Amino acid sequence: MKDRSLYGSAQAPVAPVSVSPPPPAGPPLVLPSLRPSPLLSGPYTFSHISAVWQLCPVARHITPSTALAWRYPPPHPPFYLGLTVHVAMNLRTALVLLVISIITIFALVCVLLTGRGGGRPSSPPQCPTLTTQKNLFRPHPDPSRLFSDLSREELASVMGFLTQRLGSGLVDASLAKPSDNSVYSVQLQLPPKAAALAHLDRGAPPPPREALAIVFFGQQAQPNVSELVVGPLPNPAYLRDVTVERHGGPLPYYKRPLSSKEFEEVSRMISEHALPRVSGLLHRCCYYKENLVSMTTAPRGLRSGDRATWFGIYYNVSGAGFYLHPVGLELLVDHGALDPAQWRVQRAFYNGRYYESLEVLERAFEGGRVEVVEIAPPSSKAPSSLRPRVSPGALPPLQFSPQGPRYHVQGSQVASPLWTFTFSLELFSGLRIFDIRFQGERVAYEVSLQEALTIYGGNSPAAMMTRYLDGNFGMGLFSTPLTRGVDCPYLATYVDWDFLADSGAPRTVRDALCIFEQNQGIPLRRHYSDIFSYYYGGLPGTVLVVRSVSTLLNYDYVWDMAFHPNGAIEVKFHATGYISSAFLFGAGRRYGNRVGEHTLGTIHTHAANFKVDLDVAGQENWLVAEDMAFEPRPVPWSPEHEMQLMQLTQKTLEREDQAAFPFGSTTPRYLYLASNQTNAWGHRRGYRIQPINFAGQPLPQESDIERACSWGRYQLAVTQRKDEEPSSTSLYNQNDPWTPTLNFTDFINNETIAGKDLVAWVTVGFLHIPHAEDIPNTLTVGNGVGFFLRPYNFFNEDPSVQSPDAVYFQSDQDARLCEVNPVSCLPEMAACAPDLPDFTHGGFRREP
Ligand SMILES: [Cu+2]
């Protein structure tokens with residue numbers, strides 16, 4: 001049922017509007033507070049004039065050049081007036097009079113232009129705040145915080161419990177050597193769905209809040225990774241090892257992700273021990289000093305058990321991306337031993353040739369047998385720099401909601417008049433949303449990112465080897481602070497994220513998530529009629545968005561979940577940041593475009609997989625495919641002619657094998673989950689999954705690592721939902737893709753999907769052939785893909801007809817009247833200044 005009471009009439013808030021702020025008026029507008037009667041105390045400075053200037057509302061809308069022209073009308077007063085007063089007065093008196101005259105004239109002009117004559121305040125009032133709008137929001141449906149990430153207190157409490165239970169040998173993960181025992185991560189353990197729904201829908205007590213800890217046991221006789229469930233929170237009393245239950249056996253130690261300590265150790269080994277062994281070469285090619293850095297690739301070897309990684313060597317550039325400055329040297333480092341002292345460079349590669357060891361390379365160089373490419377170190381003004389090339393101009397448009405935000409964020413729960421949901425950042429898989437309800441009715445239990453994959457090509461070992469499964473690094477763990485006004489709208493709600501990984505204590509990413517409502521600048525719908533009847537009807541397109549950004553080495557992925565007023569959910573990601581490049585040599589251009597003097601932008605694909613646990617009018621759902629087909633028919637009124645008649649085709653897909661659509665196959669254009677309820681027109685209430693996608697299959701199935709990302713075979717696969725199949729991937733797949741811990745295709749085993757709780761696994765992505773315009777950064781424009789979840793006969797009509805933002809007027813109405821058209825209320829209702837908080841940034845270090 002729609003709750004109309006949530007929509008006020010006259011008091012309905014106005015959709016966010018976009019305003020172009022007046023151009024910056026320069027430093028004089030940023031003022032110290034006014035002293036009383038500054039005119040009496042002299043000397044008179046720019047700031048005194050500016051103070052009066054700032055009091056005048058009109059002045060705020062005058063450009064700096066206009067303002068300057070007013071202050072100093074040509075010819076410049078100091079010269080012009082100075083000549084006049086020179087005879088009678090001394091200079092100081094002349095200046096005093098000049099300033100008084102200017103201020104008087106200015107004040108008069110100001111009064112004339114504003115026409116306010118003291119009747120109204122001289123500065124616009126502040127826009128209403130959230131508190132006055134509270135009654136507009138739906139209540140948050142989950143006070144028990146079933147899906148909310150663990151708080152710092154909870155994380156600390158789990159860590160304390162584990163320390164107590166696992167004994168004194170536990171070493172802080174930030175310090176732990178591979179041969180130590182350490183807690184790698186702690187995060188929320190999701191409750192079973194049945195228990196969660198029993199609580200949310202039927203008032204059963206909430207399931208216990210639990211944590212999942214990943215522990216590296218490097219000190220045990222059989223080093224291994226263990227997964228432990230700890231509960232109940234906030235005061236843990238039990239610990240359960242779930243490793244075997246989840247993975248069918250113990251997790252070999254070599255599958256573990258690299259801790260930052262391991263990265264640090266490898267990096268130190270390269271810079272302190274490896275590079276000095278080719279110092280002759282490096283002095284010749286690369287102005288060798290402490291100016292070279294290494295960058296990882298993955299996977300790390302060629303068979304299960306390997307932990308040997310190709311590292312590319314790059315020039316470090318202060319304040320700019322080193323990723324664009326390869327020097328031609330790449331090293332294969334075996335870091336599998338538990339004792340870092342035993343780590344070795346197994347192979348070296350320089351400018352197209354492989355060498356058995358660094359010594360062999362250096363001897364070849366000394367013998368004149370190495371073709372050295374001398375590369376000047378890039379300056380901080382290199383093309384890779386993101387520093388502005390020009391001074392700031394007029395500010396870009398700013399959006400604000402004239403009557404305050406139309407959504408409410410409480411912890412990780414978001415409520416708007418239409419939507420409620422809970423957001424979370426899973427350490428490894430990243431952004432996810434739970435218990436998504438539209439107009440109070442749940443449409444999805446979970447929509448979550450699962451994995452991000454990039455597969456590269458190239459003619460150097462690091463490039464040709466690179467197949468990143470970013471969940472192993474952690475899309476949540478590597479989420480980064482969102483910069484106000486750039487990464488999200490200035491007035492978005494910014495939310496910190498507490499986490500525990502790679503360190504023994506909780507840390508915080510400031511502003512890790514943002515929530516905002518945006519006016520899309522395009523009507524959600526509109527129609528103009530001047531045939532038979534004269535009217536206009538329209539609705540501004542608004543959308544409520546939750547965003548996080550993961551910076552995974554060079555790349556930045558922008559993850560969005562967007563909620564539209566018609567019940568549609570839009571899931572998308574954009575890629576930006578630096579490309580991963582390779583040293584250009586030989587036939588490099590078969591693998592990409594040259595993007596710098598010695599830089600090849602290597603060809604690659606981006607793909608991401610999402611879990612979509614829709615509950616369409618309940619948990620029992622069916623997958624229905626619809627498309628169209630032409631059928632030859634005699635023309636009914638002229639049977640000697642034949643026509644091609646378009647008709648609808650419809651098929652209910654009964655089994656998982658029918659519901660898996662590989663890339664390259666023909667996929668029905670309408671695929672939706674249907675319920676056993678019908679709408680007023682007798683159609684089954686459904687939600688359609690509509691990808692916007694340019695992906696292909698990421699790897700041929702002949703590849704010995706393809707099974708580690710076999711979700712990538714399918715544009716869409718629908719399976720029975722099971723608590724035991726929570727994810728399409730495993731964080732352990734990256735470091736052992738040859739024997740993947742989780743092979744997604746195992747989910748597709750021809751079970752029935754008719755009338756079951758279903759999950760759709762959706763893959764979207766695109767091919768990226770980096771080009772000149774990827775320098776310095778890949779742009780979000782054109783590099784975004786995703787999918788829509790859209791109501792399909794779910795309602796009896798478009799639910800956005802209930803929106804208080806709707807505009808409708810007829811020819812006999814005066815559309816300028818606020819009673820007729822809410823948009824015309826805007827000049828009055830929006831005559832307030834948005835409460836712009838000071839600019840903030842979350843900094844460059846995770847806060848302890
Ligand atoms: Cu790319």
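Positions of Cβ are set from backbone N, Cα and C atoms, glycine also.
Annotated in TrEMBL:
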| type | residues | note |
| --- | --- | --- |
| COMPBIAS | 9-18 | compositional bias 'Low complexity' |
| DOMAIN | 153-238 | domain 'Copper amine oxidase N2-terminal' |
| DOMAIN | 256-353 | domain 'Copper amine oxidase N3-terminal' |
| DOMAIN | 399-800 | domain 'Copper amine oxidase catalytic' |
| MOD_RES | TYR555 | 2',4',5'-topaquinone |
| REGION | 1-23 | region 'Disordered' |
Please give me the CB contact count at 10 A for TYR555 (2',4',5'-topaquinone), counting all chains in the structure. 22
As a quick check of your reading of DSSP, tell me how many residues in the domain 'Copper amine oxidase N2-terminal' (153-238) are helical, how many are strand and how many are coil. 24 helix, 27 strand, 35 coil
Using DSSP three-state counts, the residues of the domain 'Copper amine oxidase N3-terminal' (256-353) come to 33 helix, 30 strand, 35 coil
Note the mean pLDDT of the domain 'Copper amine oxidase catalytic' (399-800), expressed as a whole number. 97
Quick one: what's DSSP say for TYR555 (2',4',5'-topaquinone), helix, strand or coil? strand
